[in-house]
Amino acid sequence: MTVIPVSLDDRSYDVIVENGLLARAAGHLAPLSRGRTMAIVTDENLHPHLATLQASLSAAGVASESIVLPPGEGTKSWAMLERLTDRLLDLGVERGDHVIALGGGVIGDLVGFACAILKRGCGFVQIPTTLLAQVDSSVGGKTAINSRAGKNLIGAFHQPAMVLVDPTTLDTLPNRQVRAGYAEVVKYGLIDDADFFDWCEANAGALLAGDAAARSHAIGHSIAAKARIVGEDEFETKGRRALLNLGHTFGHALEAEAGFSDRLLHGEGVAAGMALAYGFSAAQGIAPVGDAARVSAHLRSVGLPDGLAAAGSTDDGATLVAHMMHDKKMSAGTLPFLLARGIGQTYVDKTVDLAAVAAFLDSQPR
Ligand SMILES: NC(=O)c1ccc[n+]([C@@H]2O[C@H](COP(=O)([O-])OP(=O)(O)OC[C@H]3O[C@@H](n4cnc5c(N)ncnc54)[C@H](O)[C@@H]3O)[C@@H](O)[C@H]2O)c1
Ligand SMILES: O=C(O)C(=O)C[C@@H](O)[C@H](O)[C@H](O)COP(=O)(O)O
Ligand SMILES: [Zn+2]
């Protein structure tokens, strides 16, 4: 068992990583139940894992009620938020209760936001079941739904009380979803850890094939990186947490263009976005051209999009930049960009000319 602390004053919690943990989850959850029924929120693709969790709780004498939502990015919506909060209120969830989010980043983000606003805030626990959720979304307390204007625009910072990661749940995850989650793993190397990017280049094949040792290393290393950065800047006000947004300004625009559908998964948008961030950095003379080429080559080698063409983008640069204007990093009309001086040398640049970004995008092959 690996325990990774997330240190945030009175909002601190542990991320517990262990193969087979789901079947033993009640050992960690029962103390939070206060002898009351626990609500589990999940999606329709999680039935086997839901059964494992229910069995664990039931064996420990903890009653549970399950709320099963449709899968997919469309579930991060006002309609599903209303449906979920109505159900949680019907179940009589109190502020001192802990709702269990069992699923990927969609379930985690939606449940986290519902719990941030339910009765002005109740507790929740993350049990992430996708690679993306295990290495990124379940940790750090960003919660949100999408709105007509864009990605994650309605949300709150609300930390979970605990994160339980069972890497063996990934055995049932479709390959495309594993690859999409891998984009957020590579991100930690590109942000500030060139050695980890080297490790990714050497071990991506094994990791994506389900090798348990490679998977455990990637998950533990990624969670530790995220916990460190979130611990330095929980509310994204100090310029540190923004680094976790590498590739996301481009990526969210591409996701918006795809209508937040499975035409382009979040991780796929992030992969294309990271390639574009490195490509733009190289085009501006900030990063070596060879580093940008190495990033693109690695993403391509694992079957992730490495730019606009592979992401299926047809919009022109100005249209994509218009999507970016909704980015939450916007400040007094300026959009800070995550650029890089090289692999593992990402930084926040507040001087980027949006016309140059549009021109760069127009110069890219489609
Ligand atoms: N809050 C954050 O810090 C943060 C970080 C990164 C991403 N996100 C958000 O996370 C979302 C993407 O999350 P995701 O990639 O996990 O997608 P997801 O939640 O849609 O899950 C992907 C698919 O896999 C299925 N699935 C989940 N676990 C499974 C399993 N073990 N076996 C079989 N099928 C399974 C789901 O039903 C779904 O169809 C995006 O909305 C993104 O914005 C949030
Ligand atoms: O935790 C963070 O901070 C991140 O930026 C992690 C990202 O992978 C994640 O996709 C996040 O939801 C994007 O943040 P947003 O503020 O741009 O919605
Ligand atoms: Zn992300």
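Backbone N, Cα and C define each Cβ position, glycine as well.
Of the residues HIS158, HIS266, TrEMBL puts just one in the Zn(2+) site with GLU184, HIS248: HIS266. Under DSSP, LYS151 (NAD(+) binding site) is assigned to a strand (E or B) in the three-state scheme. Each of the binding-site residues THR130, THR172 was scored by the number of other CB atoms within 10 A of its CB, and the lowest score belongs to THR172. On its own chain, GLU184 (Zn(2+) binding site) has LEU131, LEU132, VAL135, ASP136, SER222, GLY267, VAL270 as residues at least 6 apart in sequence with a Cβ closer than 8 Å to its own Cβ.
If you take every residue in the domain '3-dehydroquinate synthase N-terminal' (67-179) and average the pLDDT, you get 98. Residues GLU184, HIS248, HIS266 make up the record's Zn(2+) site, and a Cβ search at 8 Å around their centroid adds LEU132, ASP136, ALA183, LYS187, GLY247, GLY251, GLY267, GLY269, VAL270, GLY273 from the same chain.
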